[in-house]
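Peer 1: Not my notes, these are from TrEMBL:
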| type | residues | note |
| --- | --- | --- |
| ZN_FING | 51-78 | zinc finger |
| DOMAIN | 51-78 | domain 'C3H1-type' |
| REGION | 91-113 | region 'Disordered' |
| COMPBIAS | 92-110 | compositional bias 'Basic residues' |
Amino acid sequence: MGQSYFCDYCGCYMKSDVNVRKLHNNGISHTVAKYRYMRRFEDPAKILAEERLKKPCQRYFKGYCKFDLYCNYGHYSEQELKKLEQLVAAQKKSKTRRRKPKKWPWKTHHQSGLPPSLRPMELAKLKTTNFELNWG
């Protein structure tokens, strides 16, 4: 018995032959299933903007629209659009929330016993320092 190929988008098995897979991948049912799967990862704000421009699809709301996702009319109900609006608003709110700046421990906590190279500089001592040194 030959090996079979499983299509993740359609959830079906087929003969593992190049021509059979090409024919399946170019078919309308596979294209719609793939588009539906990839649509899950699109930005909700983009989907909302597209759906607001569309008029409601009468066929879809009566029970069946043969054009499915390629339909020129909207397949979202008013309740689904409101949920999508809430999701977009929540995403915008989470993006605009500012985070508190981190406080660096070496700026807020003065530690004693540090070597001279790690201690903070004192400007008063710097003014009185003689930089003319004689090297051996």
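A Cβ is built for glycine as well, from the same backbone N, Cα and C atoms used for every other residue.
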Peer 1: Mean pLDDT across the domain 'C3H1-type' (51-78), rounded to an integer, is what?
Peer 2: 89
Peer 1: Would you list the DSSP helix, strand and coil counts for the residues of the domain 'C3H1-type' (51-78)?
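Peer 2: Counting residues by DSSP class gives 12 helix, 2 strand, 14 coil.
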